[in-house]
């Protein structure tokens with residue numbers, strides 16, 4: 001048995017296709033991103049090594065810091081909205097009739113492409129024909145704002161579809177976690193006279209903590225690399241007021257043809273995502289092995 | 001049933017008539033909230049369906065929420081041939097299918113080698129796949145573009161397929177892992193004793209045994225591939241290879257004022273996913289729950 005199951009040729013044959021792909025498409029590009037970031041390069045001509053100049057420029061680049069600030073705001077928004085998702089999941093997991101159906105309905109937006117969602121929400125926010133402003137006008141608000149054209153409102157306006165898109169995803173994860181908690185604990189607490197709120201706060205929340213930590217990582221890292229929806233809806237505008245890190249990278253590389261600088265942003269994004277994942281994991285580390293399936 | 005559930009929900013011990021009323025009230029309130037959330041999730045899509053069936057005059061002159069009284073189904077027929085939507089649709093279909101099949105096969109082979117076979121470095125290799133999950137796609141975009149450019153794969157569907165397979169590999173392996181760990185070893189032992197080769201064992205015994213989890217991973221892969229945007233937008237420039245996500249984007253860029261046409265195009269781009277979900281929602285829910293949590 002052991003001899004058959006440690007046949008090196010077969011192992012190599014099984015592992016190689018996927019391994020080579022992930023090295024070529026994920027890991028080598030990551031190394032190259034770091035390298036390109038040390039160069040001046042327009043994407044076509046020769047690379048000119050300039051050391052850390054791109055990174056020095058990055059530190060002084062106010063537009064970059066603005067985009068990082070917008071990404072951070074999205075991360076905070078998203079993390080806060082986890083509370084709402086968790087509350088809804090708690091209700092759904094409390095053996096409520098139709099919980100399955102609700103859970104599925106909530107999930108639908110998450111299955112659609114960001115482009116379709118972005119194009120739909122562009123119309124929802126349309127200054128004159130969109131549903132938001134039509135509704136506002138019908139309740140007597142005469143001049144509702146053009147949501148996506150207002151620098152002070154645009155980030156908030158973009159956050160709503162993001163909240164809408166991911167609601168079902170997080171509710172689903174929380175629901176699965178809460179369903180995994182043995183009912184015996186809850187029943188014992190009930191016999192001791194604990195109220196539903198006490199059970200939620202003192203039993204369910206601590207037991208779901210592992211998953212809550214994972215979702216915080218997902219929400220924060222997901223927000224930091226957020227791109228598609230913003231790219232389609234506002235393209236970072238008006239006047240950079242919704243530019244985020246990933247869109248700034250894209251604009252620098254593929255619009256301004258400054259691939260070296262774009263790569264420096266890309267590398268920064270990578271480092272920040274890995275560091276934040278690591279920090280949140282460390283801060284919240286207890287045990288890592290929970291099975292949800 | 002209602003009160004029984006409510007009783008459990010609220011704690012239950014020693015409830016008087018007043019408490020029962022409060023519980024019922026609280027219970028109804030919860031339902032109202034759940035239904036309101038469901039309505040909010042569905043409402044934008046219903047509105048999309050509505051304006052996909054209207055002409056511009058109806059969109060601009062009637063209230064935004066009015067029903068499409070004379071549904072203009074011809075909007076769909078009209079956009080299908082205009083602006084290459086049919087071409088983009090078929091590109092999406094075949095690229096999605098090819099990438100999904102490759103991901104599922106390669107992912108199964110790796111998972112089998114990692115979970116069932118004995119070799120040094122198996123946990124390191126598995127780690128490589130799992131860490132890749134943390135890496136933002138955007139950080140690889142510029143080098144991928146230049147690599148594909150050098151080897152002549154920009155504006156070639158292979159650039160998309162390779163990227164999709166690689167970036168979906170980690171989550172595919174993650175969903176498969178739990179299932180493979182749980183497979184009983186006895187079958188394999190018996191097969192080995194009978195002189196069965198590893199290849200035969202994998203393809204004839206193990207692979208068919210995983211068909212249910214394969215279906216789940218395949219569906220998750222399809223949804224991701226169908227909706228992918230940034231790679232198509234960056235790597236593909238000619239219309240012949242564009243997929244629906246980017247095609248829709250371009251189409252709308254050219255016809256910004258025809259809301260009915262835009263609505264119909266968007267509906268066409270999301271219908272395959274919605275229909276899949278209608279029939280296979282349990283698998284999709286399962287797959288997302290299994291695949292995402294350890295992210």
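Keep in mind that glycine also has a Cβ here, set from the backbone N, Cα and C atoms.
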Stated TrEMBL location of transmembrane segment, expressed as one of A:105-125, A:126-146: A:105-125
Distant-in-sequence neighbours of the transmembrane segment (A:153-177), which means Cβ under 8 A and at least six residues beyond its ends: 70, 73-74, 77-78, 81-82, 84-86, 88-90, 92-93, 99, 103, 105-110, 112, 114, 117-118, 121, 124-125, 145, 147, 208, 210-212, 214-215, 219, 222, 226, 229-230, 233-234, 237-238, 241-242, 292
Same-chain residue ranges lying at least 6 outside the transmembrane segment (A:12-32) that approach it to Cβ under 8 Å: 263, 270
Stretch among A:74-93, A:105-125, A:259-280 sharing the most Cβ pairs under 8 Å with the transmembrane segment (A:211-233): A:74-93
